[in-house]
Structure formats: C-alpha cells, structure tokens
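Colleague: Can you keep this structure in mind? I'll have questions shortly.
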Amino acid sequence: MATNYIFVTGGVVSSLGKGIAAASLAAILEARGLKVTMLKLDPYINVDPGTMSPTQHGEVFVTQDGAETDLDLGHYERFIRTKMTKRNNFTTGKIYSEVLRKERRGDYLGATIQVIPHITNEIKSRVIDGAAGHDVAIVEVGGTVGDIESLPFLEALRQLAVQVGRERTLFMHLTLVPYIPTAGEVKTKPTQHSVKELLSIGIQPDVLICRSDRMVPPNERAKIALFCNVPERAVISLKDVSSIYQIPALLKSQGLDDFICQRFHLDCPEADLSEWEQVLYQEANPTGEVVIGMVGKYTELPDAYKSVNEALKHAGLKNRLSVQIKYIDSQDVETKGTEVLEGVDGILVPGGFGNRGVEGKILTAKYARENHIPYLGICLGMQVAYIEYARNVAGLTDANSTEFDRTCDYPVVGLITEWQDAEGNIETRTDASDLGGTMRLGAQQCHLMEGSKARELYGAETIEERHRHRYEVNNVLRPQVEKAGLKVTGLSADKKLVEIIEVPNHPWFVACQFHPEFTSTPRDGHPLFAGFVKAAKDNQKK
C-alpha cells in the first residue's frame, strides 16, 4: 500500500503540544492495525540539537541508530511501537548542509542553487525517504505558521501534497482557542487568523485541533468550521488534561481516526485502546507515593530531563505508585550542604556536561552511599559515583575526570579515544575533535555479570541500551577501585568499557553509563527504573 501523509502544523503560539497531539493520533492509528511512523522537521539552522543548551531546547533524544534529535521523537517512541532513526528528524541546517555538499560535488550541473527548487526538493526527498514502508506517516513541522524559518518546509509539503495527490495527504493544523474570563467565552478569532495565514501560502487545512483549557462548545466549533472551510466533524477539541496519556482516548471519542481512515479510504478495524486504558487505570489508582530527588544542573527547565521524568512515571505505573520528583540543583548541594537531600526516598543523578555543579553531584553520591538511600546514576551520574568511591573508599583522594581536571593525580574517568560501534566498526576521537556529533552514540550491547542486581532486573545476560557520552572509566586505574569493593557489573561487547557499576552492601546503588530513559514507555516501563522506584518505596520501611 502506498504511504498516506498527515502534515501537522501549529498556529497562534508555540508550545501548544503539536508533538503530543500527533503522537496520540499515531497511537490510535497504530491501534487500528496500521503501520505508522512519524517525522519531525525543525526549522532551526543547527545541524542537530546535540550542541544546543538543554535549558533552551530541552533534552536531546538519542535514537537507536545514534541520531541526536528533538525531544518530540521521545514522545513518538513512547506512544507508538515504531523506533525512530536518523531519517525521522532533520533541521534547516542539515538540509542546507546536504544541498551545499551536493553543489560542491557538482550534482546540480552548474545550476544557480535556490530555496525553490533545491532546498524544497531536498526536504521532499527526505520526507518520502523517512515515510517509506509505512501505511501512514505523520510529519510534524516545528515552530508556528507565520515564522519565516518554517516557510521552506511548508512550501515543500504543499508541493508534496500536489505531487502525491490530495487523496493521500491531509493537513492537520493545531491552534489556540483561548478562554477569556471577563467575556465568559472562548474566542475563535486567533484560529481564523492562523488559518488565513496558512491559506496565504497555499495550504488549506483539512483538520483543526483546537487547544483550550476546556472543551470548545458546539456553537464555536460550528463557527470555526464555517469560517475556516473545514467540515464540522473535523474541528476537534483538545482540552487540558491531567495526563498526556488521556489524549488518545480524547481524540478517538471525537471520531478523528474515523475521519482520517475514511479520507484515506483505509479499511481497518476499530482501534483497540485497552493497553492505554490499563495505563490510565494504573495512573489513577496508585497504592502509595515515593519522592525521588533528581540532582542535576539544568533543573530550572524540567524538559531538559523529559525522558527521565517520563521513565520515573512509567516505573511508578509498574509499581502502582505515584512518583513525585523533587528537583535539586547540584550547586545547592555544594553551597547549602547535603541537608537539601533530606526527605527523599531515592536519589537520581542524570546526565550532564561541564564542571559546573559536578562537586555537588559527587557529594550527592557520597550521601546516598553512606546513608543507604537508593541511588540511580545515569551517564555523568555513574561517573560521579565512580569518582566518589575512588576518592573516599579506594583512597585516591585527588580522583577526578579529565573533563573537569586535566591535571589530577588520579584520572579515574577519561576521554574515550577508541570504541566499537553497534556494527562492530572501530571509531576514534581525540581532544581536537569537533564538539558536535563526535560522542559515542546510539544502541550498544552490554554484557551483565552473573549475580548482579542489573542481571536480576533485566533477566538477561546481554542487553542493548543507548549511549551519549565521550568520557568513560579509565581502565588503568580500575583495578584499584575494584579492589576497594566497587563492582563492575556491565561491560561493553568488546569488554573494554565499563557500562554498569554497583556498590556492595547497599540496599540499591546502581549506576549506568548508558541512558535507559530513552527506551522506557508507559506500556512497558524499564527494568532499571522499575527496580529503582521499588527500592525507593522499600526505603520508606526503614
């Protein structure tokens, strides 16, 4: 079957939840037996978000094949079973970079390179490539209609709709319908103006998703339909909800999936949302609560840890617990002391870069180890736990990472200069390598040691998890740290890189070099997070 395309745009203001709405629609269509994929087109000029500040952009989501992508791809993977790849996210910077590379190579035979047709053709070709092999491809355009940055993407999608045929394409526009308390009613004018903006560039939306803090009344929906040239049944109300996992059922209750299947002439069964109903039941009926202290350096923007936040919630679902996250700035641990860590049932130190606040993270690992508080370290969270153990248990008092101190006496963590990728190829890096796109990225195999907590949790000898780092445990000094009692319980496929460590004689102290949050989903959870949250609950009984 030829691929059908749903193009998702946003209007009026940003941050309305295009990604969540698109992923929720994808979940319904997948529940109808369709093979669905999703793409995100980002208008910024960065080649990828890998070097962007987490406090500006939010987290960088890493795909199975090692692409550093927008956090919306994390939403996509949490809502549907399809795994995202480097083909599912591209930016203006990546498009221009490829077009310029082709021009230098002579592919355009001396033509004058222009936005139309060369940039738009490259966009179309990447959309078609990313959608190949699926029944439905949902393509989200970042930004807001009217932004100058998104114009080439919108023009490319307009052309693609003409070339593929309108019977196989659908434009879905998400817009704001604000409630004005002084007037006591919702206002449709912003939506009308947003659609007018879209029409001015040649795109007539087929479906309107109306974001509001309440359900849009029938009269206003009819008004929007009339003035925006959209069937009334295609004006969908999307109100604020307490959980994003309620949205698939909310969209289905208004017949959005039926409208789309009829539009594409798809003969498929009704959506079976029983798995999502189970998720909502678990979420609404917890048997207890745990408080997790997340100690990081980007805590002013929780979206910087989006996948970690969601993975903790998923672990709560698996344990029938409500998980409350207490965000703690690691610099506060340095300046105010470990008192700021009191009152939590478990401590999680997520990934990060740079030396700001790192001593606070090391103090946090020490506090968790000495006070027998469940600890989960991820990426840098493993490295600081290793440094802390080396300093305070193994007696290597000046132990550090060369990322933070190049002249320390005991560089127990250092730059990885060589590693084996998932395909078995050897990759190399040096201090002179570029900052962007030079980390150990994507899924890598890990061998778990017999008798370890990690082996017990995963129930397997070999696992595969995603990485994003350029520093690792220094094997030269590793014997001294292990001799002091620290257990290395996970190693890379070639046995050269430390992937998991555990502290013995502790209720639950596990730290990993990889990012388990990227593979956690609301339906399946993740064994490390589930084990950590259970240990946090058990800690309350002490």
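Placement of Cβ uses the backbone N, Cα and C atoms for every residue, glycine included.
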Colleague: For the L-glutamine site that Swiss-Prot assigns to L380, G381, M382, Q383, E403, R470, which of the candidates G352, G354, G357, G442 is also assigned?
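Modeller: When Swiss-Prot describes the L-glutamine site, the candidate it includes is G352.
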Colleague: Of the candidates D70, D72, D303, which does Swiss-Prot annotate as part of the ATP site that also includes S15, L16, G17, K18, G19, I20, K239, D240, V241?
Modeller: D72
Colleague: When you tally the Cβ atoms that lie within 10 Å of each candidate's Cβ, which of the binding-site residues (G17, G352) has the highest tally?
Modeller: G352
Colleague: According to DSSP, which of helix, strand or coil covers G381 (L-glutamine binding site)?
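Modeller: The three-state answer is helix.
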Colleague: Given a 10 Å Cβ-Cβ cut-off, pick out the one of the binding-site residues S15, Q192, Q383 that has the most other Cβ atoms nearby.
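Modeller: Compared across S15, Q192, Q383, the most Cβ atoms within 10 Å surround Q383.
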Colleague: Counting every protein chain present, what is the number of Cβ atoms, excluding its own, within 10 Å of the Cβ of D240 (ATP binding site)?
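Modeller: For D240 (ATP binding site), the count of other Cβ atoms within 10 Å is 9.
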Colleague: Test of understanding: give the count of other CB atoms lying within 10 angstroms of the CB of T188 (UTP binding site).
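Modeller: That number is 22.
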